[in-house]
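Novice: I am attaching a structure below and will ask some questions about it afterwards.
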């Protein structure tokens, strides 16, 4: 006798429809010194223009410019799939003469997103929690140096336990192929020597197809990604126009894997590992932050220290303890009390109607 069909095989279709209807969100941070092509690469990756209204300051103004945090959002739809992309930019990073502690606003911003999510998650109304946590940080490294600079090391040390780091060599068309490989090897050695954790690719399952395993191996070998960005379409005598940069010695094609790692970076960010970046952010980075917060609250005198650190904010490495203001807490309690009172009144009315209907039914039976 054949086994009867129950219908559990349709569960993936249910999840797919629900996910497509809800849409996806992804927050990407870009950091690194100015002039490395960060804005151009973002526009190239997502085929959009996020920075059309940006005003570039004069060189003299950059000497005293302080780092700011800018958020830009765009909704991208492709094949019926909607993605709400938020790009967090850090203009002014490393531009001033004195770069001491210039990474602290970035650390503070990342922790504030964790703090806000923990507040929302710990609140009474958790139906529509907005996830503004940073899921990935593209850190741009100059192609003109000999590896990581002291500023690069200091920044990466400060954030490597708070966000998924993907190192990127900007404007890689300034390097010869041998120079690119030498710089990549130097950066990998420095990251290992400084014990800086970057995003680790998950191991492929044994049942994955060979093409996926090959692409995954190529992406792992490409780190740090040497990239070139361009939104211009150029012709180089080929059968079709390509996006790239035209020089006197030839043309650099953005989407040519022999010229740069742009395709591997886009494949990793969008096609293969976007969901894993979000899961690592939630399951490892955010849970680590949450555990540290709870441990701090459990220690004697933690609330007094929390209130003092909240006022001072002297160090961005201090763990902010997410406590709702008293007025907000009382307001939420009053709202829930009112909601419970209304539900109790509705229940009493329903019980009264049921008793009345029952009494009327008994009278009808007696007649």
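Every residue gets a Cβ built from N, Cα and C, even glycine.
Model, not experiment: these values are computed from the prediction.
According to Swiss-Prot:
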- 22-296: domain 'Septin-type G' (DOMAIN)
- 32-39: region 'G1 motif' (REGION)
- 32-39, 66, 92, 171-179, 229, 245: GTP binding site (BINDING)
- 89-92: region 'G3 motif' (REGION)
- 170-173: region 'G4 motif' (REGION)
- 206: phosphoserine (MOD_RES)
- 248: phosphoserine (MOD_RES)
- 251: phosphothreonine (MOD_RES)
- 307: phosphoserine (MOD_RES)
- 315: phosphoserine (MOD_RES)
Novice: Spatially speaking, which of the modified residues 206, 248, 251 is closest to residue 32 (GTP binding site)? Use C-alpha to C-alpha, please.
Specialist: 251
Novice: For the C-alpha pair, I'd like the distance in angstrom between residue 176 (GTP binding site) and residue 251 (phosphothreonine), rounded off.
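Specialist: Between the alpha carbons of residue 176 (GTP binding site) and residue 251 (phosphothreonine) there are 14 Å.
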Novice: Between the Cα atoms of residue 35 (GTP binding site) and residue 248 (phosphoserine), what distance do you get, rounded to the nearest Å?
Specialist: 21
Novice: Counting every protein chain present, what is the number of Cβ atoms, excluding its own, within 10 Å of the Cβ of residue 206 (phosphoserine)?
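Specialist: Other Cβ atoms found within 10 Å: 6.
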Novice: Report, in whole Å, the straight Cα-to-Cα distance of residue 251 (phosphothreonine) from residue 38 (GTP binding site).
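Specialist: Residue 38 (GTP binding site) and residue 251 (phosphothreonine) have their Cα atoms 20 Å apart.
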Novice: What mean pLDDT does the predicted model reach across the region 'G3 motif' (89-92)?
Specialist: 84
Novice: List the Cα distance (Å, whole number) between residue 206 (phosphoserine) and residue 179 (GTP binding site).
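Specialist: That comes out at 36 Å between the alpha carbons.
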Novice: Express the distance between the Cα positions of residue 248 (phosphoserine) and residue 173 (GTP binding site) as a whole number of Å.
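Specialist: Per the Cα atoms, residue 248 (phosphoserine) and residue 173 (GTP binding site) stand 13 Å apart.
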Novice: Counting other Cβ atoms within 10 Å of each residue's Cβ, which of the binding-site residues 173, 179 comes out lowest?
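Specialist: Checked 173, 179; of these binding-site residues, fewest Cβ neighbours within 10 Å: 179.
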